[in-house]
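According to TrEMBL, the protein has these features:
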type	residues	note
DOMAIN	2-54	domain 'Myosin N-terminal SH3-like'
DOMAIN	63-734	domain 'Myosin motor'
BINDING	Gly157, Glu158, Ser159, Gly160, Ala161, Gly162, Lys163, Thr164	ATP binding site
REGION	613-635	region 'Actin-binding'
REGION	1050-1076	region 'Disordered'
COMPBIAS	1058-1075	compositional bias 'Polar residues'
COILED	1103-1222	coiled coil
REGION	1229-1249	region 'Disordered'
COMPBIAS	1235-1247	compositional bias 'Polar residues'
Amino acid sequence: ERFYTRVWIPDPDEVWRSAEIIKDYKEGDKSLQLKLEDETLYEYPIDLQGNELPFLRNPDILVGQNDLTALSYLHEPAVLHNLKVRFLESNHIYTYCGIVLVAINPYEQLPIYEQDVIYAYSGQNMGDMDPHIFAVAEEAYKQMARDEKNQSIIVSGESGAGKTVSAKYAMRFFATVGGSASETNIEAKVLASSPIMEAIGNAKTTRNDNSSRFGKYIQIGFDKRYHIIGANMRTYLLEKSRVVFQAEDERNYHIFYQLCASSSLPEFKDLGLTCAEDFFYTSQGGDTSIDGVDDADDFEKTRHAFTLLGVKESHQMTIFRIIAAILHLGNLEIQGERDGEACSVSSEDEHLSNFCSLLGVEHSQMQHWLCHRKLVTTAETYVKSMSLHQVVNARNALAKHIYAQLFNWIVQHINKALHTTVKQHSFIGVLDIYGFETFEVNSFEQFCINYANEKLQQQFNSHVFKLEQEEYMKEGIPWTLIDFYDNQPCIDLIEAKLGILDLLDEECKVPKGTDQNWAQKLYDRHATSQHFQKPRMSNTSFIILHFADKVPARDDLVEVLKSDLFQEEKEAVPATAVRKGTPRISVRSARPAFKAANKEHRKTVGHQFRNSLHLLMETLNATTPHYVRCIKPNDEKLPFKFDPKRAVQQLRACGVLETIRISAAGFPSRWSYPDFFNRYRVLMNKRDLCKNDKRQICQTLLEDLIKDPDKFQFGRTKIFFRAGQVAYLEKLRADKFRAATIMIQKTVRGWLQRAKYQRLRRATLTLQCYARRHLARRLFEHLRRTRAAIILQKQYRMLRMRQAFLRVRNATLTIQAFARGMFVRRIYHQMLVEHKATILQKYARGWLCHWRRLRARRQLQALRIEARSAQHLKKLNIGMENKVVQLQRKVDEQNKENKLLNEQLSMLTSAHSSEVEKLKKELQQYQQTQQGDGNQLLSLQEEMERLRMELERAHGEREVMEDSHSKERDLLRKRISDLEEENTLLKQEKEELNSRILCQSEGRKNSEENIQMKKELEEERSRYQNLVKEYASLEQRYDNLRDEMTIIKQTPGHRRNPSNQSSLESDSNNPSICTSEIGDTEDVIQQVEEIGMEKAAMDMTLFLKLQKRVRELELERRKLQAQLEKKEQEIKKSQVIETKTEVSSEHEDFAYNSLKRQELESENKKLKNELNELRKAIADHAMQNNSSNDVQDSYNLLLNQLKSANEELEVRKEEVLILRSQIMKAAQQKETGENMENVSPNASWPNSDRHVDQEDAIEAYQGMCETNRLELFQLDRAVFSGNPQRACAWAVCLQSSSNIKRKSLLVNKVLSESHILL
């Protein structure tokens, strides 16, 4: 496996990201070929001018070190990665960085601060155990006892990093280890001061729920035996602005909310407090509570701490009264007057009364001096009113001043409680100071905080540099000056003469000082400073470039500080007329007050902070410092979540990276000679190991391995390495171990495989011996068992076969007995059923006669309904007569063409017959002359064979034609079923329209229409009599056709229905010509009579040839007819569309009558075509079968019947023409009518106004439907049961049916099926 060099590259999300160099870098390359941890390739550009290569990554053995200075490559990504690995993987929150302890806030309570842990770290050296705050405290305690020098532990970090907790644990360690020898319990008092200071000095911020808003330095005093004897606390820069202002999601100091939460107690009734949401100074941040914090419970802890420190109950109540007075002061309602130039406070203000009563001041005086100020000159004194803005600032300044004085008084009282009369021998100071801060709006407190951090950073850098120098001098290493960051210019900018603080003090003391004047002075004085910048968009602000970041200053610092300074100068108002029982409270500063006349000696806030900071720095410089840098891992306060961006930002700000840079500039890696010898002895020769001087051995090894002598130095007790040399030695050591490991693995694996082989061989031989013996025994046992099994099988099979034979024999006898009985019973039941069937047939035939009478009655009612519909169609359809005439003309032309074709066919037939006669005569003559010639006989035989082959071929063609006919018949049946469904839908629509017409016509009856209806009823009766006569004649025709079909069936030959017959056209709504029609029926009959019966019975071969020619001519005629029908359909569709549009716009009845008339015409035309087809089929059959006189007689009879049917159709045609003419006349009368509204669409329709019983109409319609279904059912039975005569009879009977479409369907079906069966 190949090992690549690993480096760190910048990353916008993770700050630094690890990668591997997969291609060697050469001088002058513009980029590096890298592979990231997710296996993606990345090209890293290199700045050739700066020659900045990426940082190298430390070997894995150095990752997770307790001390960052032990890393071979000491830089920012290495430090960040080491802290991240320790924090996330090992859950170690403490890490050393030289003399600095880096503490990462886990946001979770860890079990590492118990008493046993304190005792475990007590007495141990700093590097012997894991990094811990107790280790730093133990080191400070040990150095104090050893060197008899005062110590300091400086805890710093930003808000929420854990500074206060770290300082608290350090003081707990000192209180546990250095407990007092007396019974004063001073260590408990030291720890009890923490709840009080947290209550009055800590508040919730956006970064921390318990943020310390002041700095404190606690000196824990020890006697000569190093026991705690007392303590002293010094505070720095309380954030007074928080008393009067809180940002969003922040709170005021905890004591305000604790007091409001306990306001319901009896002793606090006089304070006039309610919930915190009711006060302006506690509700500006929004939410007044903290998750998981009980303010009432914390208040009890605070009161207990006061009691433990010796604060009397009366003093505690005084403190709480002052805090309540500050809350009431914030709720004063100040009313502006004279456009804001003056203002006043109402005397009835409840909060003003509470404020005065709680502080014991006069109400009128307080009301007056809140809105006025006193100007004292040399001559006289002026009282001037203040504007609303000035009064608000003055009120806020008064509140801040009162709270600051109260804070100082509490601190002074705590120090008094912790003070001791015993002489102090030494002390350890714990400094809990605020870290570097920058916000969008930075107040004067942030300015002072950053100023203090600049001073502490300077002290930190100088101390680290000093320790580094002492280390080199102690080891005797040549010392070279190390350049490090010096922030003295930034400090001079702030505190030097005519610096920012001096100019600020000067501007605050000027009566008319403003922020603009102060900013202009700063621009003029410090514009050239490298740590001072002027914003582009502001003339009253400035930016200071601190060591950590740029910080913009606030715009109104002068105005705010002047109000604070004015409030400090304001004399106390004499308290007169104080209420009885109200104690007088005098709030004074902890420091001695100066005389009012000596104004030059009054100190501003900035001057006071500068002096206290100088005193702090003198104290720290006089002690041995120990540094704890607290890091906030994330802003969400989530446990064990590490945000690299936030961590790097804090590492840069707290000086850890500066310490690393100073260490990395020299020799950051240091090894003692014994440790180096034990670590890298694998790289030494056996000859060198024999020497006793380990220092000489180490020197020899390093001179051999590292050729550059500047990369390492030999000290008195340690070896110093430049950055990267330890990683190089680790690589050599790993290579040595890798080679040795491979050799050991090779040898051990070979020995293990040989031992395994020998063990397997012995085991295999033993297993084979036992296996063979076991197999022999098993074979013997198998043979013995097999012999015994064969004997048992023989006996068992014999017994089983005998039992099976007996069982089958008995079963056979039983089955025979039952079967014979069953057959006899079956014959008996059959006879019984036949007898019952005879009885049922008798009654069924009687019922059938009754049913026929009922059917005739229902047909009469149906004919009445159809007659009314037809009469209505007569008067509404205009212009259809011309169309019918045109279609009739086309039919005549087609018939003429068919006649011509028939004449040609007859001529051809006659010519062919004459030729055949000639050939017969020649054949007879030839036979007479050549009777004895045998060769002639052979030729005749060949001719016979040829004719026989032609006959067989004709039979084949007939079979093919029959197959095609069956396929066409199936298609036609499917089409007919579809058309029947459409016909059903149309009939439903027709019935609906009839019902609507009947409803409309009931209200328009009159006397003349009643007379007309009587006439139409008589006509209907006469028509019904005619239909009855036609029905009788059709029954007679049915009998004749049955006899004829019987004759045809007995005669030899075969009659085939033409395969090209189609009934598609018969289902159309438009009149058309059937494709199977060859000519007019009378022409065909005349043709047959002219030819004669003898010529009609010609040879079968000749008939097939003629029939083939006829089919060809018929196909040509069909093509022409299809084109004609296509054009007619297009014209018809356009006419139907126009008719529908016109009918929908005028009347619904007109559409119904039009459809009815078209249906009547098309059904009459179909009836004519079907009769013609029947005549043609009978004529053709007569031409083929004319061998007997009986056939001739039956044929003549059938021709006469067909002629009579044709005459009847002609009569029907004339009736249709008469109806058309009547429709035209009715339409003309309708157009010429004067009153269109009084004339209904069916005014001249006969029988339209006659009252028709609805039940009779429904009964007639249902009877007609049942009749049609029964006829169709019987016809199907007749056809498919092989009874063609009965089928023909039903077809003839259905000619009189009212459903013409169904009638045509049954006729075609009868004809086709009867021919097939014949």
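Glycine residues also receive a Cβ, built from the backbone N, Cα and C atoms like all the rest.
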**Request:** Six or more residues out from either end of the region 'Actin-binding' (613-635), which same-chain residues have a Cβ under 8 Å from its Cβ atoms?
**Result:** 83, 87, 97, 99-107, 133, 136, 139-140, 143, 147, 149-163, 166, 170, 207, 217, 234, 236, 429, 431, 435, 451-452, 455-456, 459-460, 463, 641-643, 646-647, 650-651, 654-656
**Request:** Would you mind splitting the domain 'Myosin N-terminal SH3-like' (2-54) into helix, strand and coil residue counts from DSSP?
**Result:** 0 helix, 27 strand, 26 coil
**Message:** Can you work out the mean pLDDT of the predicted model over the region 'Actin-binding' (613-635)?
**Reply:** 88
**Complete:** Around the recorded ATP site (Gly157, Glu158, Ser159, Gly160, Ala161, Gly162, Lys163, Thr164), other residues with Cβ within 8 Å of the Cβ centre, ordered by sequence, are Asn105, Asn208, Ser211, Ser212, Gly435, Cys630, Lys632
**Fill in**
Cβ density check for Gly160 (ATP binding site), other Cβ within 10 Å (all protein chains) comes to 22
**Request:** Quick one: of Ser159, Thr164, which of the binding-site residues has the smallest count of other CB atoms within 10 A?
**Result:** Ser159
**Fill in**
Same-chain residues at least 6 positions away from Lys163 (ATP binding site) with a Cβ under 8 Å from its Cβ, in sequence order, are Val155, Ser156, Gly157, Ser212, Asp432, Ile433, Tyr434, Gly435, Cys630
**Asked** If you count the C-beta atoms lying within 10 Å of each candidate's C-beta, which of the binding-site residues Gly157, Gly162 ends up with the smallest number?
**Response** Gly162
**Complete:** Across the region 'Actin-binding' (613-635), DSSP labelling yields 9 helix, 8 strand, 6 coil
**Prompt:** If you draw a 10 Å sphere on the Cβ of Ala161 (ATP binding site), how many other Cβ atoms land inside?
**Reply:** 25
**Asked** Who sits close to Glu158 (ATP binding site): which same-chain residues at least 6 apart have their Cβ under 8 Å from its Cβ?
**Response** Arg207, Tyr434, Gly435, Phe436, Glu437, Lys632, Gln650, Ala653
